[in-house]
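Undergrad: Pulled from TrEMBL, these are the listed features:
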- B:39-60: transmembrane segment (TRANSMEM)
- B:108-317: domain 'ABC transmembrane type-1' (DOMAIN)
- B:112-134: transmembrane segment (TRANSMEM)
- B:146-174: transmembrane segment (TRANSMEM)
- B:194-215: transmembrane segment (TRANSMEM)
- B:236-260: transmembrane segment (TRANSMEM)
- B:296-317: transmembrane segment (TRANSMEM)
Amino acid sequence: MARVSLTNVTKRYDDVVAVDDMNLDIKDGEFVCFVGPSGCGKSTTMETIAGLTKPTEGTIRIGETDVTKLPPKDRGVSMVFQNIALFPHMDVYENISFGLRLRKYDQDEIDRRVDNASDIVQLEGMLDREPNELSGGQQQRVAIARAIVRNPDVFLMDEPLANLDAKLRVHMRTELQRLHKQLDTTIIYVTHDQAEAMTMSDRIAVLNAGELQQIDPPLVCYNEPANRFVAGFIGSPSMNFADGELVDGGVTTDHFDLKSDMTELDLPVGDRVTTGVRPEDIYLTRNDDSVEHPSEVIEARTDVLEPMGDEIFVYLSLDGSSGSSMTSGEASGASNQLLMSVDPDTDIGEDESVSVVLDRSKIHLFDAESGDALAHGIVDLSEATRTMAEAESGEQ
Amino acid sequence: MATTTEQQSDSADTDDGVLAQWTQGVIGDDEKRSRLYQALFYVACGFFLVTTLFPFYWLLVLALTPNSAILTGDWSLPVIGLEFPHPQGFNPSAFVEVFQQVPFHLYVFNSFVLATITTIIVLLVASLAGYVFGRLDFPGKGPLMLGVLMVSYFPPAAFLIPLFDAFLGNAVVIPFLGIELFEPPRLVNTPGSMIMPFSALFLPLAIFILTTFYAQIPDGLEDAARVEGTTRLGALFRVIMPLSAPGVATAAVLTFIAVYNEYFFSSIMALENVPQNWSPLVGGILSYQDQYTTDFNLMAAASIVGVIPILILVIVAQERIVSGLTAGALKE
């Protein structure tokens with residue numbers, strides 16, 4: 001158990017910057033997920049912590065030790081790999097005890113620890129099997145047992161569930177959470193699946209292009225994204241964005257206006273901003289009773305419906321044209337389109353005129369140029385900006 | 001058989017020749033085709049067996065035939081009169097005489113020791129080189145690999161005279177300037193003078209074999225080993241090498257056999273053909289020949305005796321190779 005801190009860690013490959021001036025502080029016993037799109041530097045960051053890659057600049061500390069120049073074996077970390085990486089020429093027992101045997105533990109201690117670890121991951125009776133006789137889930141459990149048997153200070157997991165099928169993945173997810181409770185070890189977990197990150201972690205570190213975007217508890221990342229990238233990355237389907245500009249008493253975009261007192265923002269009228277609203281914060285006017293701070297009514301046409309069972313995703317076309325439909329998997333960035341989610345029993349059809357309102361308390365404002373968040377909820381900006389300021393001072 | 005005769009009588013009416021009919025049959029009839037393939041398989045197998053095993057048969061014939069009978073040069077078979085190599089008489093005592101006339105076991109021992117030490121050195125160095133070439137990226141990798149390739153294309157004889165000169169203990173002198181650099185130890189008549197050139201000559205091939213094998217081991221396994229507690233070197237010997245067992249065995253067998261059979265370098269580095277000077281196996285075989293007589297039967301018997309250690313080694317190693325290749329396939 002130990003805290004992990006990265007200070008100004010940079011990793012350059014020739015002219016590509018994989019990790020750019022990363023500063024991170026992971027507390028003892030914390031479960032932190034690194035998420036981000038492919039190539040955002042999350043795996044490289046993990047490799048620098050493991051010692052498999054040397055950072056170009058910066059220092060890494062585990063506990064109180066500066067481990068920047070230590071080889072992986074002396075860092076007190078253990079790792080679970082995406083491709084599982086069990087040694088095919090050893091049986092399960094030899095795989096799990098590999099690290100212990102290298103460290104010359106005596107045989108009784110090794111047996112005791114291997115038994116204990118295989119108990120935790122429920123591998124009893126499989127110790128004499130070869131890795132290729134096991135199923136994918138069992139192999140992954142052996143890899144986890146191999147990692148926990150040494151009582152590491154830090155547990156690194158590089159997309160350990162990516163190669164498992166969907167059902168097993170959900171099952172292993174809960175097992176990992178149970179494991180974290182049981183071991184109480186610092187866990188750093190790399191994934192590109194934000195559902196994994198949201199459900200398992202104490203804090204999520206969102207990375208993009210080698211830079212840390214935000215590190216906060218999952219719900220904070222979801223409700224108060226630090227910038228436009230985080231807002232778009234966390235949440236599925238992703239947030240709707242519309243470019244607009246600040247006007248006296250609100251924001252205006254191509255298709256709708258939002259009224260609010262913007263003086264608190266301390267930005268000049270005419271500044272370009274991006275508004276963001278999640279699909280679940282858009283409501284049909286027919287059942288808008290629940291919305292406390294509705295925006296002006298927006299007229300739109302429904303385009304494509306995607307019934308998901310527990311909800312329906314409705315693509316709204318704001319300029320009346322249809323055809324430029326996107327699926328919920330893609331970022332709905334087109335400003336003439338809004339993605340709305342409604343209850344599955346809502347009576348709604350394709351190519352229908354509807355009027356919707358946005359929940360003003362859930363609207364996010366981002367600086368159009370830097371993408372930084374300006375406000376979350378534009379009902380009472382004095383309130384919104386104050387909480388943001390608090391959040392920022394809390395981080396520092 | 002019944003079907004074929006039937007078909008033949010059927011198609012006898014047509015104008016096709018016998019070959020055309022047969023070809024049609026092979027193309028059209030699955031059974032005929034598989035019979036043809038089987039026949040071709042046996043023919044090919046037989047050909048390779050005869051060409052590879054005939055030399056051994058010939059050796060055995062020579063070893064069992066008394067030398068006087070060999071010298072007559074008459075190999076015609078008793079009744080038929082056809083010339084065919086066959087044992088004339090049965091003289092197994094040649095296999096004993098081999099050791100009585102010269103200390104042949106010492107020659108075998110010399111070659112065995114030279115081959116073993118060279119194989120160990122080659123495997124160690126080639127493993128390190130194979131790891132570097134196969135798994136790391138560094139500037140100059142291509143040219144360096146090309147350099148290794150070039151060394152392997154050099155005719156070994158080109159090294160002989162300078163090496164012999166150096167191993168005699170003569171000072172190494174810069175050509176034309178006459179400046180003496182250093183005086184190397186006198187290595188002739190010692191294993192060092194043979195193992196060094198052998199290792200250098202057989203390294204390139206081993207490096208190429210191991211580079212391809214080591215490059216195929218997934219990075220994840222090496223990373224896992226390093227996180228678990230090995231150094232890079234430890235990962236090489238504990239994970240990468242065992243997983244490349246077929247490649248390592250191949251490189252080892254090729255090197256071992258090549259050195260075991262080597263005569264050119266060792267005959268010169270051993271100043272006299274005596275086992276005390278580390279003269280090799282082939283030198284031992286040749287010592288049954290003197291100025292006036294050649295004991296062909298003893299030479300043949302010695303050759304067979306010399307092959308036996310290699311035979312055992314290859315059978316053992318082959319099992320490793322086969323088990324290494326099929327380890328994954330069988331257990332799945």
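Glycine is treated like the rest: Cβ placed from N, Cα and C.
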Undergrad: Find the member of B:112-134, B:194-215, B:236-260, B:296-317 that has more C-beta pairs under 8 Å to the transmembrane segment (B:39-60) than any other listed stretch.
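TA: When the Cβ pairs under 8 Å are tallied, B:296-317 comes out ahead.
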Undergrad: Taking B:112-134, B:194-215, B:236-260 as candidates, which has the most Cβ pairs under 8 Å with the transmembrane segment (B:296-317)?
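TA: That would be B:236-260.
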Undergrad: What same-chain residues lie close to the transmembrane segment (B:112-134): Cβ under 8 Å, and 6 or more beyond its ends?
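TA: For the transmembrane segment (B:112-134), the list is 141, 144-145, 148, 191, 194-195, 198-199, 202-203, 206-207, 209-215, 232, 236-237, 240-241, 248, 251-252, 255-257, 259-260, 262, 266, 278, 280, 309.
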